[in-house]
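Here is the structure we will look at, set down as structure tokens.
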Amino acid sequence: MRVQDVYNVIYTHTEGEPLCIIYSGVPYPAGSTILEKRAFLEENYDWLRKALMREPRGHADMFGVFLTPPSSRDYDAGLIYIDGKEYSHMCGHGTIAVAMAMVANGLVARDPSGLTRIRFETTAGLVVAEVAHEDDRVLWTRFENVPAYVAAQDIAFELPGYGPLKADLVWGGNYFGIIDLRGTSLRIAPENGSELSRMGLIAREEIRKKVTVQHPTEAHINNLNFVTFWHEPTIEGCLYKNVHVFSAGQLDRSPGGTGTSAMMAYFEARGVIGLNQPITSEGLLGSGTFEGCLIGETTLGTVRAVRPTVKGTAGMLGTASWTINREDPVDAGFLVL
């Protein structure tokens, strides 16, 4: 065995959804934009993504982020989100977690007011987080996400075993195909995870056949990666319960941050909620919740959009210094799906 590389990471979870924060060891090109940094990672460090997200260090539902230096004084840090298969434009549960981890671990200076503001550069755009802290405790994160909008409504498709359904295509930092399950027998619960994953991948392929995906102002954003199933909540006070299926069939354990943003845009477009109306979202596990609110409207090019905020909390799980032997194909990472 020959140790070739050592990388330091922080592990967190946000209402059960994991995050591996990779904060050292990558020599990003000086002055590069966040898109240039992602291209640099894809070309030179994709092996690191695979090694940390996949087995034996990770698992099929692992999620992570490269915490990068800012590209300009307009930002405090950059975020490039990853999983075992690919890259994501944004992640809300991850933003909640990485912001809290930065404050808790001294990676950003604490504001004496007890509310520290962090400006993140993502490949979806600017995301501004506020982290509340008191003494040595970090309490919660609220972030204003990129603007959200509904791109298409009532996309008809067939879901095997559950009949004809309709989906809305919504942008909330990632593109989501949002599907109402209330008229079906499929329930959102951990014990139904395999079926939810399987149906989510089928639904995504069906929706992809019906729509062309293109962000109004960001030419590089043109893919549907997430499917969201939702139905009535099981926690009192929540507007809905949902699960987000993405990548190779991963299930988001949390209520979802970009997902909550997309869901608020979805419900606002259908007249269920209004601007400045707080909502609470419930995730797969039926335990944790996020708080959301649409604080205004804006435009993306000529398209009307809304401004979502999401609030949640994350827990610190631990740290690790990983040694990686790239000559060992098992050590380099593998997936069992």
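Cβ from N, Cα, C; glycine included.
According to Swiss-Prot, the protein carries these features:
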- Cys91: active site, proton acceptor (ACT_SITE)
- Gly92, His93, Asp252, Gly257, Thr258: substrate binding site (BINDING)
Count of other CB atoms lying within 10 Å of the CB belonging to Gly92 (substrate binding site): 31
Three-state secondary structure, which DSSP defines for Cys91 (active site, proton acceptor): coil
Which same-chain residues, if any, lie at least 6 apart from the residue listed as 'active site, proton acceptor' yet have Cβ under 8 Å of it: Phe63, Val65, Leu79, Tyr81, Gly173, Asn174, Gly257, Thr258
Chain-internal residues, separated by at least six, CB under 8 A from His93 (substrate binding site): Thr14, Glu15, Glu17, Leu19, Phe63, Asp252, Ser254, Gly256, Gly257, Gly312, Ala314
Cβ atoms near Thr258 (substrate binding site) (within 10 Å, other residues, all chains): 33
Collapsed DSSP category at Gly257 (substrate binding site): helix
Where the record names Gly92, His93, Asp252, Gly257, Thr258 as binding substrate, the maximum Cα to Cα distance in Å: 11
